[in-house]
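A.B. asks: Relevant sequence annotations retrieved from Swiss-Prot are reproduced here:
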- Gly167, Gln168, Thr169, Gly170, Thr171, Gly172, Lys173, Thr174: ATP binding site (BINDING)
- 489-900: coiled coil (COILED)
- 1-11: compositional bias 'Polar residues' (COMPBIAS)
- 12-24: compositional bias 'Low complexity' (COMPBIAS)
- 32-51: compositional bias 'Polar residues' (COMPBIAS)
- 1049-1060: compositional bias 'Low complexity' (COMPBIAS)
- 81-416: domain 'Kinesin motor' (DOMAIN)
- Thr1006: phosphothreonine (MOD_RES)
- 1-64: region 'Disordered' (REGION)
- 901-1184: region 'Globular' (REGION)
- 1041-1065: region 'Disordered' (REGION)
- 1104-1184: region 'Disordered' (REGION)
Amino acid sequence: MAGPQRATSGLPTRRTTTRQPTRRAGSAIPERQTSTASPAVSTKTAAISRTRTLKSPGEPASVLAKRKERDIEREINEDTSIHVVVRCRGRNEREVKENSGVVLQTEGVKGKTVELSMGPNAVSNKTYTFDKVFSAAADQITVYEDVVLPIVTEMLAGYNCTIFAYGQTGTGKTYTMSGDMTDTLGILSDNAGIIPRVLYSLFAKLADTESTVKCSFIELYNEELRDLLSAEENPKLKIYDNEQKKGHMSTLVQGMEETYIDSATAGIKLLQQGSHKRQVAATKCNDLSSRSHTVFTITVNIKRTTESGEEYVCPGKLNLVDLAGSENIGRSGAENKRATEAGLINKSLLTLGRVINALVDKSQHIPYRESKLTRLLQDSLGGRTKTCIIATISPARSNLEETISTLDYAFRAKNIRNKPQINSTMPKMTLLREFTAEIEKLKAELIATRHRNGVYMSVESYEEMKMENESRRIISEEQRAKIESMESSLRHKVQELLTLTSKFNDLKKDNDDTLAALCSTNDVLQQTDIVLQNTRAQLEEEEMLRCAHEETEHQLQDVGKGLISTLGQTVEDINSLQSKLDRKAELDATNAELWRASSTEVSDVTKRIDQRVEAFQTRHAKLLETTSVKVNEFIATEISNIERTRSDLSEYNRSLDAACNNAKAETSSAHEDMNNVLEEIKDLREEVKSKVGEGLNGLSAAAARISEEVIGEFTQLHSQLHTSFNNLGKDLKSIFETMATHLSEQKNEINRLRAELQSSNRQNIETTHKASAHLAQAIEEEHVAAEAEREILMSQIKALVEESRQKQFARLRAKIDGVRTEISASGDMLEQATTQHDRQIDEWVFKSEQFAKDVNASKDEIRTKLQNDWEAFDQRNSTIRKATESVHKETVRIVDVQVDDMGRQMEALDDFVAKARSQNGRYRDAHIATLDTIATGVRDSYSSIEGRVENLTGRMNQFQQEATHHHATLEESIAPLSNDVRKPLTDLSSSFQNRSLEEYVATGVTPKKRKYDYISVLPSTESHEVLKSRLRTTKEMEVLPFNSDDQLSGPSSSPGGSPSKGFVYNDVEDEVGTHAPTVTNVNPSNTGLREVDANVAARPLVYSTGEKSTDQDGSPVVSPDSATEAEGMNGPPSKRRRSNSVVADTKLPNKMLARRMAGMMEGRENVPPPGISNGRRLRGRPSP
């Protein structure tokens, strides 16, 4: 036998390695009973339970525990949000080599917001707000102290807590949760993650308390749970729902081992052991990519003592979840097994996202059961657990999409509301009883295994196995009963098969009889086939005519497109000419602005010259006044000396006279020089006037020439557009008149066809009723004749004949009733088809009239639009011509004004020159008079100043120097006058010579004179008779190789009859060789009603709404069978023989003909042949 099996227990397996509390030196256990074991013990709930314990110290422990739980549930009933933390790692070597930019910004090392750059095309960046945000500069200890340490404190207070890392693969989830798991002499590495730090911190907080710590480590790989701490190779774990009180559901993992630890080092060894078993693999995104989700659970039971001395156990649990990262298979390069792993990981994470969305939206159904991951996290998301999510993200731009997804999930998870509650406390004795029961159970299994008393399992396992065997036995008996029932059913089915076989033989006999009856109706089908062939020939003619009309319509459409294209070219040319006119108008406006600027400049120059001359006059007057003052002072000073020295100057009279003559000569010379300068100014003025006049006259001539050219071009364009619009209007008028005529003809033809169709339908109905009446009469006559013959033979075979008569009469009566019913139904369907056809014809006529109205409206609208466009263009042309003429007149006016203004300026300049000349003469005369006066005074004073002549000579020398200085000053003031007056005039002349008007430059866009080609003759369709004649000739050529026996020629006496048509049968199912269908007008002179055999009513017929007509004389065409049956009893035998001969000549198999006729008769039974009738006609017509 196999070794003893271990009993499966409903409770998790534990290793009883309870750690004993360490005691400090000099302390005892009773002293620790009143000390606080943890900072969280001083919570409000603990205070309440202590208060209740003090009030009732004599109550038992169970009552105190229940009261404590009720108090806790009353106090802690508030919802709390999930704590969400974001941690951003730095760029790795791969991202640095790829030069992937950074798209994240945080508020320093620790903050609460993260800003995401959405790229240059985004309107703005995206900002997320979380409880805490850590940048890449934050180390492991910072994250632990700010995030995990408060959660550890809450766990020690009795809460269930969960921390799980969520994010893209390769963003540091495993590094955050586990990190560097090595320790040196009890000192953790700086890169140690949350789990090692939690273990060390936990045991440091529990150093002075009596407690137990147990750990479990499970893995979710490919949706299968595995225990990473189990000694077995592949332990299978199962998840069950653990329903607690008040309907709250939690999950329980069956078969998971929970190992008790007594130090942080032991816990780290378990973590290392499980991490080595965890599934990892290398991808393009991460060299050590986690391929599974892991949950490291730490459960703490702390013994506490109330103030009354009662001991109880307070449990707390911390779930540390390391999720596998979401992965893009295309970027990570996962294949085969790795691709399957990535798909399952993404599936579980998507389910987690749906759970988060459902919790945020407060949906009625939360999809926890869609994934084992969400079932494990069920209590952490929306349950009674305090939860913290650490979202890890990458700052690289290459991971922007995954980063946005991670931040969106984390941001939505903030809105999840949990209801954390402190775990129920358990008295110490209750916990010991549970441990004792489990120990006893394990001992029983161990004893059963050691003794090997025949069953290597416990009694419970053996009973369970017996129950499974009994269940299998019951299932086997049920299957055996089902087999017996199925065998009995099979026997019944065999009997039913035999019965069906006999019925099949009977039906086969009936089928043979039916086939015999079917052969008797083949002649009717053959006759119908002949009628159908004639109808097809006529349909081919109609289809050919329709195709001809369609081709003509396409040609007319092409002509219309050409006309529209020509119209588009004309409009484009008009737009180009209008653009040219706009450019010329802009050029004229620019030249006018230039002339206004020139006029302003000339006015400014003349004003400046006038101002400068006036300033010169002012300065010159001041100098003269100064000189006069100085001379007067000098004379007044020296009069006394001259009077005393006059006697001494007599000898100088001659020299004084000579000096006077010289002064007069020099003054005259200065006068002549001034006159010469003024003459040069006058010559310069005449030259400027002549040049400016020539420039303005040239400008006026150019403006006149431009105006004449523009007016000429607009006149030519006006005539061309007038001709083009007239031609276009004529063409459109011709097209619309043709369309209106065509629509009117179609309307008349439709009315005529409607009248003919109604007459034909009435005649067809009357003929059908007559045939039905004749058929009933013939049946009665045959019945009477058969009765007479049976009475003669009654004496011999009375009984046999009576039975035969009754059967024959019953069969005949049934067939006749069926035929009569089908004929009536056929008449009703014909009336319905006629009504429907009339309604469709009315709709067609209405649409045609509507179309004609639309065409007329479009014609009037186009005519109005063309007239409006022409009037607008004519008005625009007149406006442009007037504007051009006004521009020319304005240019001439401006030029005349400029010439007049220049003349006035030159006249002012002449006045100035004359004024300068007169002033110079007066100055010369005054100077000579002054010299004469001085000379006379000197001569009179010679006698008195001779004694002082030496002093006078010195003073005269000084006066001469001053006079020379003043003379030089006068010359210096005169020289700038010439420059100030001449230079502005020279600049003005140069400006006029260098400034030219802008000339029009051809752009090459102005359209050239072109010839518009368009079609003036519209295509038309040939006459119907010519087209039909051509089709008949073609068909005659096609039937030449066949014998005359294969053709059915119509009677030569039929009016308008076509040549003989051949019928060629092809043994292909449902295939008839016909030409493409055409539609045309119907020639009423060659139409007739096809024959309809009274016995052809085997199936309902669908009547088409095609065109129908009557004969030339309006009488219906009746089939030979109907005619002979109407004439009497001698007709049917000869007619029957005629039908059989026709069938024999066609040589068409009966079955194939029946199938073909069934397809060809569908919808075409009573379509009258348009145009020409090739069918067989009656040998005699009934009188109308």
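Keep in mind that glycine also has a Cβ here, set from the backbone N, Cα and C atoms.
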A.B. asks: Among the recorded positions Gln168, Thr1006, which residue has the largest number of other Cβ atoms within 10 Å of its own Cβ?
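C.D. replies: Its Cβ has the most other Cβ atoms within 10 Å: Gln168.
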A.B. asks: Helix, strand or coil for Gly167 (ATP binding site)? Use DSSP.
C.D. replies: strand
A.B. asks: Reported as an integer number of Å, what is the Cα distance between Lys173 (ATP binding site) and the residue listed as 'phosphothreonine'?
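C.D. replies: Distance (Cα to Cα, whole Å): 74 Å.
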A.B. asks: So for Thr169 (ATP binding site), how many other CB atoms are inside 10 Å of its CB?
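C.D. replies: Excluding its own Cβ, Thr169 (ATP binding site) sees 25 Cβ atoms within 10 Å.
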A.B. asks: Which residues of the same chain, at least 6 positions away in sequence, have a Cβ lying under 8 Å from the Cβ of Thr171 (ATP binding site)?
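C.D. replies: Once residues fewer than 6 apart are set aside, Thr171 (ATP binding site) is near Arg89, Gly325, Thr392, Ile393, Ser394, Asn399, Thr406.
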A.B. asks: Can you tell me the CA-to-CA distance separating Thr169 (ATP binding site) and Thr1006 (phosphothreonine), as a whole number of Å?
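C.D. replies: The separation of the Cα atoms works out to 68 Å.
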A.B. asks: Give me the non-local Cβ neighbours of Gly172 (ATP binding site): same chain, 6+ apart in sequence, Cβ-Cβ under 8 Å, ordered along the sequence.
C.D. replies: Arg87, Arg89, Thr392
A.B. asks: Nearest of the binding-site residues to the residue listed as 'phosphothreonine' by CA-CA distance, picking from Gly167, Gln168, Gly170, Thr174?
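C.D. replies: For the residue listed as 'phosphothreonine', the spatially nearest of the binding-site residues is Gln168.
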